[in-house]
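Here is the structure we will look at.
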């Protein structure tokens, strides 16, 4: 019986007499005679000098290229765009952040399919780059390994003779607090972001890079090993070597188990979401996982997230949910593998799912969970720590903690019996104001306000909300409603980090709630409820709220209700139908590119992906 092996995709442009022109062009890129017939592997880099999470990636792409070629492949590098959400925050630039995710996915698809690449190493890091590349990987379904740029070291400075840890969010909050002196604000600003890498807390970038480990698409340690540490160099080299091995297994041995869709199954998405809930990750991960699942044609929905959020405990609290721990502390405690290990011991992990190492998670945890491993090299790897030296250079230091943090009772990562809470770090709420659900990061909510009822104060834009908060219009007991900021209504679904930060700086962090059809930065904490679906621009009930309406929030019972009668809501809906569901008195310049995004965008419960029914 004749066996037909998968043919190299690149053979389309490298084999046969009629491809002489294409081969001539390949030769002009540096390919030699012996290279034709080898797998062509795309090194998908995202270097830019605009973003600290990517500023150190310039030479890393070529390092990966050389290692791929040493392992027997042909490597070709290209770059994607990368938006820094922190720099784009608080002005019109934030409208472009979420749309950039889809643009990145499209651009990777375009480059890889146009040039018939056989596999990818995706070098991502910050908020929309990792999910955009994940979406592309699922579309393309060719051998792919993710290796990110790594987390930033936590900032440290002395205030009132006390050494404190800092991050970007501290700079935002303290700068708006009139009780903080100019000299202290200056010290915080200069110390909050000391190195290259993705911001040092469990914000969106680090959350997503951790989730690539749980999906099985990156190597152990990818989510937590610092950008500045020499150990991270080996992750890049190992990824480069392993991608050639995956190509051999697929194209020479007919092994389809190495493909992204075979690895990132429904069970893998559940593992990733369970990790996110356990570590109190960014609410943006919900949006992105839903989008990636759709590209993978996996039936993973808000209902699955709701189910998992009710059974998975909160096993790790990291900034912004606490000031005590940052990503460098998560790594010292064993990183993602340690959290997954605790989930496995609690029977909350599908440990038969596969990874890019060709192992099941049960096998991978046996080697990489610091509570199980006998490999001293693994333990040494997880002792890698910060140097405390300002730098934009990758792999520039090799400092190590003297000991690991393997305390599962009182340490950074806990076991289920000693969890920060038996209720997980994320929750989906639903009710008449959010028929398709909304998301809250419960790990960042003070226990005193898990149930909250208050009067609505409504704003038609983030800008108006900021003015209202800083201008004293928002009072204790208010539910701040910011609407028409969803994927369609923004358009672009801005992050509401400044409103939540300013509530804290005004002393209202535990005295108010915030509800929006927009989204939040991974740096947000407090009673901040986002992704309200359907959004106002799509006829969602959030568009019917009026000042003074009572909104009741009950996180333990996963409920959020607008206490207005159905009859009154029907009357308001009829009025709004006539008005066309547009924000009142909002002056906002919207480019053609953003209008196109808004036209096709679905609400957050669908991942804000494009509505294919409109094609």
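A Cβ is built for glycine as well, from the same backbone N, Cα and C atoms used for every other residue.
Listed in Swiss-Prot for this protein:
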type	residues	note
ACT_SITE	521	active site, proton acceptor
BINDING	85, 127, 128, 495	Mg(2+) binding site
BINDING	126, 199	[2Fe-2S] cluster binding site
MOD_RES	128	N6-carboxylysine
DSSP output for the residue listed as 'active site, proton acceptor' maps to coil
Same-chain neighbours of the Mg(2+) site, Cβ within 8 Å of the mean position of the Cβ atoms of 85, 127, 128, 495 and not counting those residues, run in sequence order as 83, 88, 94, 97, 98, 126, 204, 205, 284, 521
For residue 495 (Mg(2+) binding site), the number of neighbouring Cβ atoms whose distance to its own Cβ is within 10 Å equals 32
Across all protein chains shown, the one of the recorded positions 126, 127, 128, 521 with the most other Cβ atoms within 10 Å of its Cβ is 127
